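A short write-up of the structure that comes next.
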Amino acid sequence: MDNGSEIAIQWLSIIHLVSSDTALKISDPHGMFSSGSCSDEKKIGSNQEDILSNHSTAQEGIAEVFREDQDVNFRTVGWIWASIIFLKIMFATGVLSIPVALAALGAFPGAVNVVGWCAVNTYAAVLMGDFRNRHSGCHSVADMAQVVGGKVLREVVGGLFIITWVIVAGSGMVGAATALNAVSTHALCTNWFLLIVTLVIIGLASIRTFENLGWLTWVGFAATFVAVFIVVVGVTKLDRPVAAPQEGPYELGYVVIATPTFIQGINAVTAIFVSNAGSTAFLPVISEMRDPKQYKKSLYVCMTIVTASYLTFSMVVYRWCGTWVASPSLSSAGPLLKKISYGIAFIGLLVTGALYVHIAAKYLFVRILRDSSHLQSNTWVHWSIWFGCTVGLGATAFAIAGGVPIFNFLLSLAASLGFAPLTIVLPSYLYIYDYAGYRWGTAFQQVKYWFHWLLFLLGCFVSVGGLYAVISAIREAYAMKTIGSAFSCADNSGSV
């Protein structure tokens, strides 16, 4: 090769390097890909989708929170494993509380709400997953909030995320304690049962990766599904609902279309919405998937099963129990099946609580150790921070679940102030932020743009309307003196 050819090749190499570096600077003007923060990639105009998609794929290995070449490899979850984890996050015994909401709305509007909210929550989960894969350093909704609203919004959303999941973790603890009360016919003070299950839940939540925790989610989902199925079949074999008067005439309360008041209606709608609104917990799981691009497959498998199960189970129970769904819900098929179903559901309730504590703890853990060598190293700092997060948040969930007399109302507040903003409002704005150019695009692009503003307003309505209904219910409970005491030993299973 002559000197002229060698010089030409050298110049071509230099030009290639310079152009590549320039392209990276143009698409990443703030150097976000080289940091550990959520990558703030270029917004999408009406003709930029393919460019951003290709660029995001090229940068994924740099921007991901967890790297595969470290001492501790978190990215080991396959899409099937992820779908089971998603199912356990979503599917709980609360499905049997949906018939109460159907009683307020009627069978037809209730069924429409079940399918409709499952569809809305599925689409919102798609929006979050797509945004996360375009900004692949996002480990949680708080990271996404930072991209679209800066550090202040990140702190607000991060706080809501932790508070919401700690509260629902407390509900898992209460459910597991209720199971022990039901099986043992209240053999111990409820506080002792609550303490026992809390210790077990903290231990399970401390399993470090979702892959290892995934084994428990298989068992937990199966146990919960079987327990609910037993009750659903059991109620069809009864002459009349367990909670109904056992002698004389009674009104079943089954109607096709009901006429609720505003508060009754918004309470019912919120209850159905919350039953499948846990998709914000999917994001940390995506960060631990081997291939985050397969997230949608996991999501669709999960939500198809959830939608079919919720619709079928709730409609059967409502048809046979009407307004007489027992509290707690697994009591609806009678004393014997109550013990059997709670005995089977116990492991599922433990896994539910552990999974929720793990989700909140993983967010806090990553937030503390992000950009440090301890995040994926087996150091004493790594382990002490991790155990500190699980023990601290687990203890907080225990204190809230047992020590707050209005805990049931607190769950409703978490739904209104936590799930609605995080599951509907934020995802719709993520789309609006990334596709801002659609406002002036083609007619179809403009329709999509303004549709997401309508979705944004729907989330605001659920949040504000739900908050109003909860406050009204709390005022009524205090007026009727039905508020219990903190750390009560009383049986919460209705066994004695």
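Every residue gets a Cβ built from N, Cα and C, even glycine.
According to TrEMBL, the features are:
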DOMAIN    76-471  domain 'Amino acid transporter transmembrane'
TRANSMEM  85-108  transmembrane segment
TRANSMEM  114-131  transmembrane segment
TRANSMEM  152-177  transmembrane segment
TRANSMEM  183-206  transmembrane segment
TRANSMEM  213-235  transmembrane segment
TRANSMEM  255-286  transmembrane segment
TRANSMEM  298-320  transmembrane segment
TRANSMEM  340-359  transmembrane segment
TRANSMEM  380-400  transmembrane segment
TRANSMEM  406-432  transmembrane segment
TRANSMEM  453-474  transmembrane segment
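Contact between the transmembrane segment (340-359) and the transmembrane segment (183-206) is supported by 3 or more Cβ pairs under 8 Å, counting only residues 6 or more apart in sequence.
Touching of the transmembrane segment (152-177) and the transmembrane segment (183-206) is concluded from the presence of at least three CB pairs under 8 A, sequence neighbours closer than 6 excluded. Taking pairs at least six residues apart, the transmembrane segment (298-320) and the transmembrane segment (213-235) share three or more Cβ pairs below 8 Å and count as touching. Only residues 6 or more beyond the boundaries of the transmembrane segment (114-131), in the same chain, are considered here, and those with a CB under 8 A from a CB of the stretch are 98, 138, 141, 144, 269, 272-273, 275-277, 279-280, 282-283, 286, 295-296, 299-300, 303, 306-307, 310-311, 314, 423-424, 426-428, 430-431, 434, 455, 458.
Across 213-235, 255-286, 380-400, 406-432, stretch 380-400 shows the highest tally of CB pairs under 8 A with the transmembrane segment (183-206).
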